[in-house]
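Here is what TrEMBL records for this protein:
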COMPBIAS  10-31  compositional bias 'Basic residues'
COMPBIAS  45-56  compositional bias 'Low complexity'
COMPBIAS  315-331  compositional bias 'Basic and acidic residues'
COMPBIAS  333-344  compositional bias 'Polar residues'
DOMAIN    115-207  domain 'Ig-like'
REGION    1-56  region 'Disordered'
REGION    312-344  region 'Disordered'
TRANSMEM  83-103  transmembrane segment
Amino acid sequence: MCAPEPYTHTHTHTHTHAHIHRGNTTHRGAHNRSQQLATHHRHYQQQQQQQTQCHQQQQQQATQSVGLAKRTTRRTTTTHLQLWYILHVILVLIDITSALTMTEVKIPNHIMRLKSAQLGCRYALDGESLYSVKWYKDGHEIYRYVPRDKPPGQAFPLPGVNIDLRNSSDTQVVLKRVTLQSSGLYRCEVSGEAPAFNTVSESETMTVVVTPNHGPRITGGQPRYQIGDTVRVNCTSSPSKPACHLSWLINGEPAQKQHLKQYDKVVVNRDGLEMSRLGLEFRVRGYHFKHGDMKLKCVAKISSLYWQSNEESVESDRQQRAPALESRETVAAKSSTIGKTKNT
C-alpha cells in the first residue's frame, strides 16, 4: 500500500542587514513571498501526482485480485464437475455390468385367428437371483412365474387370453386358439430377488388377423378407352381384420398419388371386420397402351400374411369418335366381348 506524503509548509527566514535601505527590504520581501508560493504549488502538484499513482496502483491490485479469484473459482468448479462426471460414469458402468438385463422379447406382430401364439421373453441375471416373471395384456396381469412357488406358473383369466400352462415357463407363454379379443399390447416384466428387486420390462403389440374370403373387386371400368378419355374405377376389399391395404398398378407400375382417391373404412359386422376402398382416376395418354392393351391391377395386402390381386385388361379404341349416341351404342354392343377379369 502506498500512503500520500503529508504536505509540509516550510517557512523561509530572511535576515536583513542594517545597512540595507528600507525600500530595498520591501522589494525583497515581496520576491521571497512569490518564491514561497511557487514552492508551495510545486509541493501540492507533487502530492496530487503521488495520490493519483497510488490510486492507480490500488485499482490494478484490486483487478488482479478479482481475476485471480475468478480463475480460482472456475478451476474449482471445473474440478468438481470432472469429479462428478467420473463418479457418474463409474456408477453407470457398475450398474450396467452387474444389473439384471432384458436380452430379447419376441411377440408376433400379426397372427391368424384360431392359431396358437408363442410369446418369448429372455433375460440375463448377471449374478442376481430370479424373483418373478410376469406377463401383462393391456395393463392386466395374465401370467406369473415365481420359481419358489408350487407350481411356479400361474394364469389369470382375461377375455381373449387362453394360456397353455403346460407349455409355458419363465421364458415363454403360449396362447391357444387366439381370437380377435386376443389383440393388444403384451408386456414382459422380469424382477430380481431382494434386496435390490431390480426390474426390467419390454412390450410389443400383437394383432389377430382375419383374412378376406375372396380377392378385391374392381368396379366402374369400361371395356374400351380412347386417348383423352378419363378412367374412373374403384377397388373394394372383402371384409377382414385389420382392413386390407389397397394399391393400384397401371401396366405393372404403381399409380401416382394424385390419381388415387381415398375412402374411409367401413365396419360390416359385430366382429369389427372392415372393408377398404380405393379409387383411381386419370386421363388416358398414348403411353398407357402397351401393344394396344392397358392393364389395371388392384392389390389387397395384410402384412406378410395375406396378398391377393385382381386385374382388368382394356383395349384401345383406335377408331375416330362417332357422334355421342352412336358412340354409346357401339360401347354397349361390344362390352360383353372386350372385358377381361383375372383373379390371382
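Cβ atoms here come from the backbone N, Cα and C positions, even for glycine.
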Next on the checklist: Can you break down the domain 'Ig-like' (115-207) into helix, strand and coil residue counts using DSSP?
Outcome noted: 6 helix, 50 strand, 37 coil
Checklist entry - So what pLDDT does the domain 'Ig-like' (115-207) average out to? => result 95
